[in-house]
Amino acid sequence: MAGILAWFWNERFWLPHNVTWADLQSTEEAAFPQAEDLYLAFPLAFCIFMIRLLFERFIAKPCALGLKVQANGPQKAQPNAILEKVFTAITKHPDEKRLEGLSKQLDWDVRSIQRWFRQRRNQEKPSTLRKFCESMWRFTFYLYIFTYGVRFLKKTPWLWNTRQCWSGYPYQPLMPDLHYYYIVELSFYWSLMFSQFIDVKRKDFGIMFTHHIVTVTLITFSYVTNLTRVGTLILCLHDSADIVLEAAKMANYCKCQKLSDLLFLTFAVVFIVSRLGIYPLWILNTTLFELYEALGNFPALWVFNVLLMVLQILHCFWSYLIIKAAYRAISKGKVAKDARSDVESSSDEEETVPRSKAPHSTVTTNGTSGANGTNGYLTAATSSEEH
């Protein structure tokens, strides 16, 4: 194991020429980032997760109920043993052939069976109350950490001149505020890595999982190699849009449509400006060009920039979905539901029980709208596609 670690942390790969790990050991005169510091992120991630549970239970939920957020989940499908067996044991999305077979077996029309399966899938989705609590927690954390980041960065020279990110590198002492900022951000993303398996499931689960992996990897490697100055810029820039996103989602769950529309459009502007404008012109410019001019070339530089470019690709993908949703919303005159809504829909009102050959009574569902799923970055629904 020692040999593997020595090979992985090869100085010639991770550090500029003529710099060794021994040069970056903390002394009484100056402290530098140490790999061992990152172990703090794991217990802190657990603490953040526990704080989240308490926050959602004792703060977010009472707020949601006070705002009259719907506490019940989607309406349940009519009990049917045959369809339930198919749903649980075979498939949740029956194909046309299976639908025709079930139609003959139950003497129901195919459309009614499709509705039953859609409502049964919706039945497993979380309630609006749960989604509101999750968004309120994220809004609160992003607001706190973004405010902290801005207060910290406005006192630093590299906020105003990105060349200062590389002045004296890698012998840049680790400031306590920077250490706290980094560890809390890393801990939060670790908590998301684990909690996303129990959080509200989104259509973009795989994309967000990739995003979290890239983020944790960037935070970890930038800390160990003391690329923390530019790292603080990246973290603060990314947190800015997330605050507005979560606020828009909460407004949507509260059925404050006009406020939700306004916040979504604000989010779209902030996201596109920060991710397609400031990020490449400010961040990528300094990591691709200013860093190379100041330090020359070393392998870790390319690893760092490749990961940053992966983020930029995700930014472009998400921006396309945001623009697409905004265009549809404007053309329809409003922004509808949460774009990553967990409730399926059809183009018309759903019936809880079949209307054709056997039953006679019908009940309509809440008609919740679905949408084009994006990453965690979209609050407008623009279509009535199935999820």
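Each Cβ is built from the backbone N, Cα and C atoms, and glycine gets one as well.
TrEMBL: automatically predicted annotations, no manual curation.
What TrEMBL annotates here:
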TRANSMEM  38-55  transmembrane segment
DOMAIN    83-127  domain 'Homeobox'
DNA_BIND  85-128  DNA-binding region
DOMAIN    130-331  domain 'TLC'
TRANSMEM  179-198  transmembrane segment
TRANSMEM  205-224  transmembrane segment
TRANSMEM  262-282  transmembrane segment
TRANSMEM  302-323  transmembrane segment
REGION    339-387  region 'Disordered'
COMPBIAS  364-376  compositional bias 'Low complexity'
Subject >> Mean of the pLDDT scores, which run from 0 to 100, over the domain 'Homeobox' (83-127) >> reply: 90
**OP:** Pull the DSSP breakdown for the domain 'Homeobox' (83-127) and write it out as helix, strand, coil residue counts.
**Re:** 32 helix, 0 strand, 13 coil
